[in-house]
Amino acid sequence: MVKTTTNEQSVNDTRMQCNIDSNTHDNTVEILKQKGDEFDWSSYQQGLVLSAYLYGHICSQFIYLSLTRITGPYYINFISLLISGLLSMLTPASAGLGFGACFAVQFMLGVLQFTNLVIYSMWESWSPAEERSKLLSFATSGCASLLLSFMWLWLVFESPDDHPRISETERRYIKQSNAITCMKQNGMLSSLTAFCVWAFMMFFGWLSQVIVRRRNMSVINTRRMFTLLSMILPAALLIIVAYTGCNEALTVSLVAISAGFSGTSSAAFKVNVFEIAPSYGGVIYSVISFISCLSGLLAPALIGALNNNKNLLLRWQIVCWIASIVNIIGAVVFLVTLRVDVQKWAMVDNNQQSTEYKPL
């Protein structure tokens, strides 16, 4: 396990505010101490490992654009998925080798994430204009599911007793630890959030197609509506989350719903890339991904600053407000500059356009 660096006083203060059973907390802490600090990494190193994927993903934008000059996105995506799968399986072993090895593996995983860029590059040729928002939702979900299905078969087993690659000490720790309850709760929370994102993305992707096809609303107003749903509404929900305090059920519900509505972006700014510049979808999405990955560079500094505050609930209020403000600013900029027709700079003469690539 990674050595915990949580401020114990802040945990105690929050425990008192939320009336958490001290015996349950103390038992969990004692179990973790008995397990030992297998990975004695500082909070700074832990932040770097968590951000390594995004560091690599920033580089992937430039690498992808360079590779498309050599071969088409078809082979690029195959190689990306193949090597990513292998690196994912090496992640536990890399952590055992040390911080540097674990960081390198996570960094390379970020470098090789070309799938979304490939989808945007190929979508102009494969998606009818009126069905792009729905098909984009299905394609994004499908690619993720395909990759995760193989990882699931390789890494997950019915129980610790069935797993062939964990030590006897770890097996015994998992079975005997009272902290297993917390693990189950965290797993359920993560699953609920992911399910909401998937469900909302699929439903609203379909709804967007229906609205556009039936002419119930103009295309530009459809994009505006889904921008409000995918950016402004989640921001409002996060602000509410900041003040739900110790109400676990309400907090979890609001976070899941907020994450779910963020999935409707496939019918907003994501599909808009194809409307304004269908021939440059991959390039534009590379720029979008590059900017979005900058959050990975800023996160460690932000967490370090927030750690100076001993009130854990106040920290989360600050986090919720920052996320909400970023969402609102992004939505306002997008709505002000929104266009749905092909821009002059993106027009390509079909007689001169070539989709041939050099073979590998």
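The backbone N, Cα and C atoms fix where each Cβ goes, glycine too.
All TrEMBL annotations are machine predictions without curation.
Now, the feature entries from TrEMBL:
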type     : residues : note
TRANSMEM : 74-91    : transmembrane segment
TRANSMEM : 97-123   : transmembrane segment
TRANSMEM : 135-157  : transmembrane segment
TRANSMEM : 192-212  : transmembrane segment
TRANSMEM : 224-243  : transmembrane segment
TRANSMEM : 249-271  : transmembrane segment
TRANSMEM : 283-304  : transmembrane segment
TRANSMEM : 316-338  : transmembrane segment
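Only sequence-distant pairs (6 or more apart) were considered; of these, at least three Cβ pairs between the transmembrane segment (316-338) and the transmembrane segment (224-243) are under 8 A, so the stretches are in contact. Under 8 Å from some Cβ of the transmembrane segment (249-271) lie the Cβ atoms of residues 132-133, 136-137, 140, 189, 192-193, 196-201, 204-205, 207-208, 222-223, 226-227, 229-231, 233-234, 237-238, 240-241, 334, all in the same chain and six or more residues away from its ends. Nonlocal intrachain contacts for the transmembrane segment (224-243), taken as residues 6+ away from its ends with a CB within less than 8 angstroms of a stretch CB, comprise 204, 208, 217, 251, 254-255, 257-259, 261-265, 267-269, 316-317, 320-321, 323-325, 327-328, 330-331, 334-335, 338.
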